[in-house]
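**Q** Here it is, the structure in full.
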Amino acid sequence: MQRHLLLGLAGLPALLSAQRVSVTCSFATVAANGETCDSMAATWGLDTATFQSLNPKAKCPEVIGGEQYCVVGTVTTVTGEPTTAPATTSTQTTTTTTTEVTSTTVPGNGITTPVPVQPNLVSNCNKFYFVNKGDNCADITARYNLDLSDFLEWNPKAGNSCSGLWANAYACVSVIGYVPKPKPKPTSTSTKPPTATGNGIPTPLPTQPGMTDGCNKFYLVKPGETCADIASRNGVSLSDFLQWNPHAGNACSGLWANAYACLGMVAFSLKSRFRVDCTGDAHNVVNIAGDQGQCINTDCSVGSLEIAAAGVCPDGEVQISYWEQPGCQGKWFGYGYAKRGECRGLWTNGWKFKAMHLRCAKSQDDCVNKGSCAYDPEPAQGVC
């Protein structure tokens, strides 16, 4: 009887435990050609075993370029009795083990690093920001008062155009030893009356810190506005705006609300002086904008031009066109040239002309040098 029972039991299927593994992937990425399980795991702050558990069908150590692989997810292991258990078994015992890949510790620095992170994130990062869809590098750097150059150094995959920044992954916003910059605030939010600067241009106050000299167009920055908003709305390039308002910084984190920003520069500024060495009375104080220039009358009282260094003339070159009569009329006596930031004595010490047309221009581009025009001969006597 005992033997019969043993034989009957021996004929039953083996009651071996069965395991099922289920992966719920929260974030997957495409493998590049040449990558391996090890390299992808390292990029995303995982060990290879965890990477394999998230990708049970992967044939490590190789991965297939162009295929998607899970790098953030939940691994669930179910252990239970086989479905071929005897009919007398009425209860199935199930054990569920869940492994959720949420963070890892970067070896060597002891900092708990959330995953997923931006590809090639620096290893000494100690502060992280989860990039949401629609975020860009400028938004993030402005939020944390960072220089764009620092952010791109810590998150190199983003690239200079920020096109490589991944949404739904953590970016680095500080590293070990980095000292955050204090965010500057304007000392006053009231608008002061304009003041005349050394170039004679009425300038409203307060202005952005470090605003360039020679500005002739201003904009009162409202709370919440960004450099890109202001530049786009006013038809200037962002690079020019940042050059004229350097304290704003590449991330625009240094832009002050309730203070005036520069939106345009004079081409050049000058004072016409009585003597040929830029001394004596100033007859004209002129700020010339744009590329069309301006005619000024000398009234026989100008022997030199004191030209300011500030301005946007290409290569700093200012063209002086000499005319016989006021209003740049009558005979034309040709061109002279000067540089911004110099004293320029005038042709015939100012005695044989009564007007000058001044503009930005390069000598090699004028009609005389190109042979397409001719000027009138110098008069034998002065016209003054």
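Every residue gets a Cβ built from N, Cα and C, even glycine.
So Swiss-Prot says this about it:
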- 81-106: compositional bias 'Low complexity' (COMPBIAS)
- 186-195: compositional bias 'Low complexity' (COMPBIAS)
- 27-71: domain 'LysM 1' (DOMAIN)
- 127-173: domain 'LysM 2' (DOMAIN)
- 217-263: domain 'LysM 3' (DOMAIN)
- 81-112: region 'Disordered' (REGION)
- 183-206: region 'Disordered' (REGION)
- 1-18: signal peptide (SIGNAL)
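In terms of burial and nearby residues, how do these features look in this structure?
**A** Taken through DSSP, the domain 'LysM 1' (27-71) splits into 14 helix, 10 strand, 21 coil.
Here the domain 'LysM 2' (127-173) has a mean pLDDT of 87 out of 100.
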